[in-house]
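Listed features, source TrEMBL:
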| type | residues | note |
| --- | --- | --- |
| DOMAIN | 1-178 | domain 'Lon proteolytic' |
| ACT_SITE | Ser84 | active site |
| ACT_SITE | Lys127 | active site |
| COMPBIAS | 181-192 | compositional bias 'Basic and acidic residues' |
| REGION | 181-205 | region 'Disordered' |
| COMPBIAS | 193-205 | compositional bias 'Basic residues' |
Amino acid sequence: GVVNGLAWTAVGGTMLEVQAVKMEGKGNLQLTGKLGSVMQESAKVAYSYVRHIKNELGIKNKFNEETDIHLHFPEGAVPKDGPSAGITITTAIISVLADKEVRQDIAMTGEITITGEVLAIGGVKEKVIAAHRVGIREVVLPIDNKIDAEELPEEITKDMTFHYAETYDDVKKVVFVKGKEKSKKKETEKTKVTKKSKSAKTSKK
């Protein structure tokens, strides 16, 4: 339930992490992190869109009557607003409801509509530079921002991969960890645990 978003501030671009958890409840959506009214509306749009496509995602039918979702945007003292976190919020909600792991090597920005269209946003240059600065080399952008990405300096774009989204279906294809990648990750974790236990036994001797 942790997703890498991108935001624009007065001093440039920055990473915008979105955290999501679910719990037993009555279908409430709780938002924290000092969000402005536009961002709160964006979260509600994302939530309604997920309800609309819940069957194709394999989400249980009555989640909106039995499950509460809490979305938190860290750095709670910093005000946040605007619609550009729409696809990030949508991804976070799907992650917790459909039990889908989100890739941590990718960042995203884009407004979402209630029908799943991905709309253009501002501050593309600053946002991509922010992702590049922290080592992220894949970014999801609205298709209508392709021209902005093409104007970025070559020293930034030469080792970046851009995924352009017209609808959320395009986002969904790239942001979640695939089955094979999941099993590889589990095998790697098992190997690490085995090595640790072996070294622990050795040190006891």
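Including glycine, each Cβ sits where the backbone N, Cα and C put it.
No curator has checked TrEMBL annotations; they are predicted automatically.
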Item to check | Collapsed DSSP category at Ser84 (active site) | outcome: coil
Item to check | Nearest-integer angstrom distance between the alpha carbons (Cα) of Lys127 (active site) and Ser84 (active site) | outcome: 11
